[in-house]
Amino acid sequence: MERETWATRIGFILAAVGSAVGLGNIWRFPFQVGQNGGSAFLIMYLACVLLIGIPAILVEFVIGRRSQRNPIGAFHALGKSRFRAIGAVCVVTGFVILSYYTVVAGWVLRYIGGSATGAYFGSEEAYFLEIATGYDAVVLHAVFLAVTVGIVMLGIKRGIELAVKAMVPAIALLLAGLAVYALTLDGVVDGYRYYLSPDFATLAAEWTTILPAAVGQALFTLSLGMGVMITYASYVGEDQSLLVDSGSIALLDTVIAFLSGLILFPILFTIDATPGDGGAGEFFIGVGGAFADIPLGTIVGVVFFVTLAVAALSSAISILEVIVSYFIDEFGFDRRVATFGVGVIVFVAGIPAALDMGTFEVYDQVTGELLLPLGMFLLVLFVAWVVPEESLDELLKGRSGSNLDVFWLWWVRTVVTVAVGLTLVLSVYGFAVEFGLLAESA
Ligand code: TRP
């Protein structure tokens, strides 16, 4: 059976943008800004997307387009089966991420209704604690997953590509609308100042914590480290310039993250909330509290959470596609059977996270701080040292050829390797401290 491809180049770009734009942009990004020094983080983050994110997207792209396979099969196809454990790390990470990502998305669904009826107004914290775990959370996790499965079942052209062509423009428009609305709020001046006035002093003083947070955020938001970009690029024909595509994808993703900051900081400053109180729940509680207070809060709340749900859906699709492509490529499964089967397993795997907040946090931390940087680091090493010639050759296809390509390999071997490696080391160190294996240094 012939392997599928994207119908159009823009379809591929939008699918990658749809994957990149998700909870990471609208939920995780503003709270990373808040925890890591406001505008100082913004500066570092923008630098990381440009200097590490774009070259790292290309690392995954060359593997995918060269091999025309899923992240595990890719290593066979490139004649480097010995390294297929790297792909296995990717697919396992995908399982775990998807199983709790859809739990968060289930909360988002709940908040669409909660905003419409005002159910949480005035009791934001109690509401979140009530809906976040338990029977309802399991059911909504299942509902969201079912929609994701439905789209992926339809395949690349008729499912994913069509869906993202509708979803990505909708997300951008809704966010732009909300950003305009945020301009009317009392907190807009303080919010903008906090977010945008360049703070180089904090940056210089705290770069050692800001840097790994910014690298981590850049990888997460660009969907890097678990083979989404390998898988999506495996459906690309050879006539496309991967370099231009990676730049467009990073740009669109960054614009959307930037927009959500323009929305959330004015909202938070309007109700005098402190940005940066971390945690998955804090976001829902804090933002929910704002919607209870600001003008037109009900309708703005509904629009906001609908946008968030759509963004989460286009990301969840991409994670599921990685796992499904593995079962189709390697075992010859029918797409519908593979998607349904994987969906059921992911549903079961997510139940513990939907029942218990502590378990949820373990899923989140282990993937975000450990498995993703690990996967990316291994992929970077693989491209830089095991298949450098093939990678360069692949990057040069579909381009007239310029020195940028050679520069890319050099850059991946130096700056990208060091930055991702350092982030990984710092994460491992952080875990060791947290679990009491190492004493915290002063
Ligand atoms: N990038 C998405 C977001 O910002 C999340 C995501 C989808 C992701 N696929 C991924 C993160 C793969 C890491 C790896 O919400």
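Keep in mind that glycine also has a Cβ here, set from the backbone N, Cα and C atoms.
What TrEMBL annotates here:
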{"type": "TRANSMEM", "residues": "12-30", "note": "transmembrane segment"}
{"type": "TRANSMEM", "residues": "42-64", "note": "transmembrane segment"}
{"type": "TRANSMEM", "residues": "85-112", "note": "transmembrane segment"}
{"type": "TRANSMEM", "residues": "132-156", "note": "transmembrane segment"}
{"type": "TRANSMEM", "residues": "168-189", "note": "transmembrane segment"}
{"type": "TRANSMEM", "residues": "209-237", "note": "transmembrane segment"}
{"type": "TRANSMEM", "residues": "249-269", "note": "transmembrane segment"}
{"type": "TRANSMEM", "residues": "299-328", "note": "transmembrane segment"}
{"type": "TRANSMEM", "residues": "337-355", "note": "transmembrane segment"}
{"type": "TRANSMEM", "residues": "370-387", "note": "transmembrane segment"}
{"type": "TRANSMEM", "residues": "408-432", "note": "transmembrane segment"}
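Count of Cβ pairs under 8 Å against the transmembrane segment (209-237): among 42-64, 85-112, 132-156, 299-328, the largest is for 42-64. The transmembrane segment (337-355) shares more Cβ pairs under 8 Å with 85-112 than with any other stretch in the list 42-64, 85-112, 249-269, 299-328.
Panel annotation: around the transmembrane segment (85-112), residues 22-23, 27, 70-75, 120, 128, 131-132, 136-137, 139-145, 148, 225-228, 230, 280, 284, 288, 301-302, 305-306, 308-309, 312-313, 315-316, 319-320, 322-323, 326, 345-347, 349-350, 353-354, 360, 363-364, 366-367, 371-372, 374-375, 378-379, 382 of the same chain, lying at least six beyond its termini, place a Cβ under 8 Å from a Cβ of the stretch.
Highlighted: of the candidate stretches 42-64, 168-189, 299-328, 370-387, 408-432, 168-189 has the greatest count of Cβ pairs under 8 Å to the transmembrane segment (249-269). Contact between the transmembrane segment (408-432) and the transmembrane segment (132-156) is absent: fewer than three CB pairs lie under 8 Å, with pairs separated by 6 or more positions in sequence.
Same-chain residues lying 6 or more positions outside the transmembrane segment (42-64) and placing a CB less than 8 Å from one of its CB atoms are 29, 32-33, 36, 71, 74, 78, 195-196, 198-200, 203, 207, 210-211, 214-215, 217-219, 221-222, 224, 227-234, 236, 242-243, 245-247, 249-250, 253-254, 261, 376, 379-380, 382-383, 390-391, 394-395, 408, 411-412, 415-416, 419-420.
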